[in-house]
2 protein chains.
Amino acid sequence: MGHGTNRVEDMASPNNGTTAPATANARETIVEIHSVCLPPKKTALQKLKKRFGDVFFPDDPLERFRNQTWRNRMILGLQSLFPIFTWGSQYDLKLLRSDVVSGLTIASLAIPQGISYAKLANLPPIVGLYSSFVPPLIYSVLGSSKHLAVGPVSIASLVMGSMLSESVSPTQDSILYLKLAFTSTFFAGLFQASLGLLRLGFVIDFLSKATLIGFTAGAAVIVSLQQLKGLLGIVHFTGKMQFIPVMSSVFSNRSEWSWETILMGLGFLAILLTTRHISMRKPKLFWISAASPLASVIGHLPKGLNPPSSNMLYFSGSHLALAIKTGIVTGILSLTEGIAVGRTFASLKNYQVNGNKEMMAIGFMNMAGSCTSCYVTTGSFSRSAVNYNAGAKTAVSNIVMASAVLVTLLFLMPLFYYTPNLILAAIILTAVIGLIDYQAAYKLWKVDKFDFFTCMCSFFGVLLVSVPLGLAIAVGVSVLKILLHVTRPNTLEFGNIQGTQIYQSVKRYREASRIPGFLILAVESPIYFANSTYLQERILRWIREEEARIKENNGSTLKCIILDMTAVSSIDTNGIEALFELRRRLEKQSLQLVLVNPVGSVMEKLHKSKIIESLGLSGLYLTVGEAVADLSSTWKAHGQP
Amino acid sequence: MGHGTNRVEDMASPNNGTTAPATANARETIVEIHSVCLPPKKTALQKLKKRFGDVFFPDDPLERFRNQTWRNRMILGLQSLFPIFTWGSQYDLKLLRSDVVSGLTIASLAIPQGISYAKLANLPPIVGLYSSFVPPLIYSVLGSSKHLAVGPVSIASLVMGSMLSESVSPTQDSILYLKLAFTSTFFAGLFQASLGLLRLGFVIDFLSKATLIGFTAGAAVIVSLQQLKGLLGIVHFTGKMQFIPVMSSVFSNRSEWSWETILMGLGFLAILLTTRHISMRKPKLFWISAASPLASVIGHLPKGLNPPSSNMLYFSGSHLALAIKTGIVTGILSLTEGIAVGRTFASLKNYQVNGNKEMMAIGFMNMAGSCTSCYVTTGSFSRSAVNYNAGAKTAVSNIVMASAVLVTLLFLMPLFYYTPNLILAAIILTAVIGLIDYQAAYKLWKVDKFDFFTCMCSFFGVLLVSVPLGLAIAVGVSVLKILLHVTRPNTLEFGNIQGTQIYQSVKRYREASRIPGFLILAVESPIYFANSTYLQERILRWIREEEARIKENNGSTLKCIILDMTAVSSIDTNGIEALFELRRRLEKQSLQLVLVNPVGSVMEKLHKSKIIESLGLSGLYLTVGEAVADLSSTWKAHGQP
């Protein structure tokens with residue numbers, strides 16, 4: 001290595017990751033200098049393994065298996081596949097009592113919700129009940145959350161309804177529509193389970209909260225608009241879902257509006273909204289809002305258990321692409337809701353929910369559901385909250401709920417009669433209006449304008465373009481924000497806070513003052529191909545501006561540029577080349593370039609690319625303070641001012 | 001504001017961006033504490049303006065116009081539109097002499113290159129000469145580089161050739177092919193000029209060097225394989241471009257191989273490679289390699305200047321999509337080359353090349369070219385290097401070169417006769433083999449494995465899939481790397497280097513030791529929606545691991561988690577929520593959460609979301625050292641160990 005390497009210590013083994021202070025510093029100086037060391041040496045394979053582990057196994061799932069006998073490992077393995085084995089052995093009567101109470105409570109909510117959500121998805125009401133029977137049973141065996149109440153949910157239902165009915169009419173082609181719904185459910189489950197199996201759980205992280213707020217509100221508006229058909233009594237209504245065609249259809253068919261229907265609809269809507277208002281004020285009275293739709297959703301429904309539907313799945317034909325697309329969109333949306341709800345209640349009771357395991361549980365439950373006449377299900381926020389408040393202790397409450405639904409399916413079905421369109425419309429309207437969370441959107445506006453923008457993109461994308469495209473636009477905007485941030489990173493000029501070793505932004509801290517002869521810059525991002533050119537030009541502009549400032553104030557000449565690399569968490573070959581190029585350009589202007597505190601991985605690459613040697617003896621320091629002190633004393637020793 | 005705000009000072013105006021040290025610290029402590037201050041207050045509009053400026057005007061193009069009279073501003077504006085006005089007035093005979101010499105030198109290179117590159121694009125050789133006449137003239141007026149030699153280049157030519165001939169045969173449908181080539185050139189120019197006008201120059205930054213190395217090599221292999229037709233004398237050759245169909249076509253037509261052709265071809269290849277070797281060894285003899293293809297490329301060509309071709313552009317029809325796609329791909333590739341070459345030589349002579357202006361110049365030159373029988377042109381690396389070495393001083397050398405090409409077009413055309421396919425094939429092979437830069441690929445492997453992976457993706461993508469898809473795959477992989485880095489950021493445990501205020505990674509610096517009672521974590525990335533869940537869980541895992549370590553060593557209980565936010569360059573609403581949630585969870589475990597040194601924009605959002613108040617009096621410090629000292633002394637005052 002070159003002459004600059006006395007401050008870069010090479011480690012022989014990972015256990016020897018250290019350096020002695022550079023006591024062998026040849027220059028006459030009283031400054032204590034700490035050398036920057038390389039991280040412990042690792043082979044490319046070790047690094048790949050670590051990186052791989054960080055990406056796919058951040059939870060270190062094998063941790064528990066270490067230092068265990070084979071028998072224990074088998075038991076642990078079984079427990080991690082079927083969490084029921086973990087808590088099953090300690091299950092007692094006291095827990096059962098709590099679970100029965102909460103299970104029956106959520107059943108009273110699940111039956112009316114199942115019926116109206118099925119309507120949202122343009123499916124026969126009975127499918128909503130079927131979906132509240134099989135999936136909860138499967139989840140109770142596979143799921144790791146204790147409080148998640150499983151069943152159909154509003155967003156997934158309305159997305160499925162709007163995506164499928166754009167191509168197939170649920171009234172004219174009802175069999176095909178049902179087939180498509182089950183097939184979509186199958187693909188949703190397959191997609192969810194694969195994400196879990198391949199440990200790609202981070203995919204759902206790309207749906208930010210801002211995106212979801214906007215998306216939900218947009219979907220809710222779309223569904224509300226669809227209900228205008230029933231509420232206004234319009235017969236000839238558009239099959240499209242977007243805002244503009246629906247509104248034009250509403251107003252071009254004004255002759256079909258019937259004031260009797262409108263009056264009745266509004267009256268019913270008022271009752272529903274009042275009961276909802278009561279139950280929101282007094283959570284204990286939640287059953288009022290739950291029961292009021294129950295009292296009205298009375299239709300003629302067949303008696304009996306879920307019929308098998310695996311023969312209705314189809315894996316070829318012209319609508320397959322639609323089914324897959326719908327499956328992926330509803331799958332990712334329901335997964336996001338399920339995982340988020342599971343995490344919320346787990347954190348309230350301070351236990352861990354494993355994201356990847358939950359994905360597999362939800363995925364398998366949907367795949368099984370698609371074969372037993374169920375459509376997409378997941379953990380519902382409203383029902384899980386009721387479950388938690390009613391004192392649920394384990395997933396047994398899901399089993400109790402399923403049993404209650406079973407009884408309903410077997411014996412209580414004849415109680416249900418036909419419900420007029422207008423009442424269903426009012427029920428659905430009440431349900432979806434609650435999904436428009438304008439307060440959350442206002443909070444986004446207050447704290448983070450860009451998040452608000454994402455939210456609006458997602459809202460208007462869904463409303464004006466289409467459901468999957470709206471979602472894609474919002475995710476695209478979120479990713480673009482990350483890329484933009486990486487492409488145009490922040491650089492700050494640092495100054496010293498007098499009497500300390502603290503260096504901070506001179507713009508932000510007035511007590512931070514510039515050091516004559518130095519320009520201290522902090523780069524606040526990794527240096528990548530996407531920003532290396534920009535950073536290089538931005539630094540040169542900093543230097544031009546600094547020199548202009550010095551000229552104006554008759555300050556002392558600029559001699560050294562210190563780059564604080566603390567926040568540069570990564571560098572690639574383009575970034576390294578940019579540093580080389582910067583050094584070369586600065587040399588032409590007789591300016592020295594000094595790097596301060598590069599992080600481990602950056603240091604390693606700088607070392608491999610030999611840039612450290614080319615920077616020379618005083619080109620690398622651990623802190624800005626040490627760099628300034630050491631360089632100043634060197635200059636003094638050479639008789640420079 | 002809450003009780004924690006004595007360390008968060010609110011600024012009244014941007015000029016008052018400072019705080020006094022927290023002298024009003026109520027606790028009995030000898031530790032000097034510096035308060036963390038908010039950045040100077042700005043309205044949302046000011047922030048948007050700054051962000052907008054950073055993204056679209058990083059070069060601050062209006063800087064020069066400030067404090068100028070209107071007349072001066074007009075002159076400056078004219079100069080910035082047409083750089084020729086900047087250097088034109090100081091142009092003298094001495095400069096002219098240098099430019100004439102270098103212009104004639106590059107003309108001697110441009111004529112044979114123009115002919116063979118046109119052949120690469122499957123275009124008539126004369127188009128290559130036309131393209132060396134009009135575009136250089138336009139560039140000399142608009143361009144800001146002094147050394148860029150403009151004309152057809154190899155990569156753009158071979159990409160255009162391979163993309164267009166996949167759909168249209170250049171021999172059977174030669175008129176349509178020519179039309180498509182001009183239309184593609186028009187769209188390439190339009191795309192380039194728009195990028196410049198909209199100041200979206202950063203788009204080309206997404207083509208990292210690694211991507212380009214792999215892409216160029218892949219494209220070169222594809223073109224080399226195409227030349228096997230001529231070299232082996234095969235008559236029935238596939239129209240496809242990918243590796244597998246071409247190789248199967250070569251070997252299934254073995255009966256058509258003719259040994260005479262092969263022998264002649266190899267002989268000619270040997271001559272060309274030898275001359276290239278000589279000129280690489282002795283750069284002064286570059287004309288040997290330039291002249292040797294000239295001696296052989298002798299075809300029957302029409303005499304006369306560029307005919308107009310605007311009537312050959314077409315903006316409808318079935319091939320329009322292909323023309324646009326080809327235009328965008330060749331446009332971005334040629335732009336990348338042109339800008340990179342311009343920057344290289346500008347940095348050698350220490351002047352600035354303005355990226356956005358260059359894009360407009362190159363774009364307009366291609367749009368004009370498409371109307372005068374030229375195909376895609378840009379600044380060529382090889383010719384610019386020769387230009388620079390021959391002493392070019394200004395863009396006048398391009399005018400001289402164009403004049404030489406003019407003379408050739410007007411008077412020397414009859415000298416050119418028909419050249420056999422096999423000789424052309426050999427010329428092209430020699431040209432493209434030089435584009436495979438295996439040494440650069442090896443260097444990527446050494447320094448950055450992921451960059452090497454990107455390079456391979458781009459190479460095999462082009463070779464096995466298709467040219468635009470290969471490029472898209474490589475860009476996708478590069479972007480994925482950024483996203484992966486953001487999704488799974490690094491967290492480090494810090495310790496104190498004894499006797500200093502320096503805190504560094506305990507894994508990397510053995511002299512850094514943990515402080516009893518504290519867990520100091522540094523987060524090395526912005527906290528975004530894409531990583532907020534991961535970070536929260538990773539931090540909780542750090543705490544579990546630390547507690548296990550403490551239990552093993554009988555250390556003192558963990559009481560405080562310090563998050564060093566120095567490298568957290570940005571935060572969004574999801575990130576803030578994750579911090580809230582983390583604080584809540586730690587509180588349940590009786591652990592304190594302390595944030596250290598949040599950067600300006602992060603501090604602002606933390607303040608707006610009121611998290612600072614919820615963290616309490618000692619929840620925010622400027623340095624890790626001050627946090628540790630202050631909290632320890634507080635604990636001591638309360639009689640804790």
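Cβ coordinates come from backbone N, Cα and C, glycine included.
Quick look at what TrEMBL lists:
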REGION    B:1-22  region 'Disordered'
COMPBIAS  B:1-10  compositional bias 'Basic and acidic residues'
COMPBIAS  B:12-22  compositional bias 'Low complexity'
TRANSMEM  B:147-164  transmembrane segment
TRANSMEM  B:176-198  transmembrane segment
TRANSMEM  B:210-237  transmembrane segment
TRANSMEM  B:257-273  transmembrane segment
TRANSMEM  B:322-342  transmembrane segment
TRANSMEM  B:395-416  transmembrane segment
TRANSMEM  B:422-440  transmembrane segment
TRANSMEM  B:452-480  transmembrane segment
DOMAIN    B:508-631  domain 'STAS'
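Across the domain 'STAS' (B:508-631), the model assigns an average pLDDT of 88. Here the transmembrane segment (B:176-198) has long-range neighbours at 121-124, 127, 160, 164-165, 168-170, 204, 309, 312-315, 319-320, 322-324, 326-328, 330-332, 334-335, 355-371, 373-376, meaning same-chain residues at least 6 beyond its ends whose C-beta is under 8 angstroms from one of its own. The stretch in closest packing with the transmembrane segment (B:322-342), judged by the count of Cβ pairs under 8 Å and taken from B:147-164, B:210-237, B:257-273, B:395-416, B:452-480, is B:147-164.
By the count of Cβ pairs under 8 Å, the stretch nearest in packing to the transmembrane segment (B:210-237) among B:257-273, B:395-416, B:452-480 is B:452-480. Remote same-chain residues near the transmembrane segment (B:395-416) are listed as 83-84, 91, 95-96, 98-100, 102-104, 106-108, 110-111, 114, 125-126, 129-130, 132-134, 136-137, 139-141, 143, 145-146, 148-151, 297-306, 387 (criterion: CB distance under 8 Å, separation of at least six residues from the stretch ends).
For the domain 'STAS' (B:508-631), residue counts in helix, strand and coil come to 60 helix, 22 strand, 42 coil, using DSSP.
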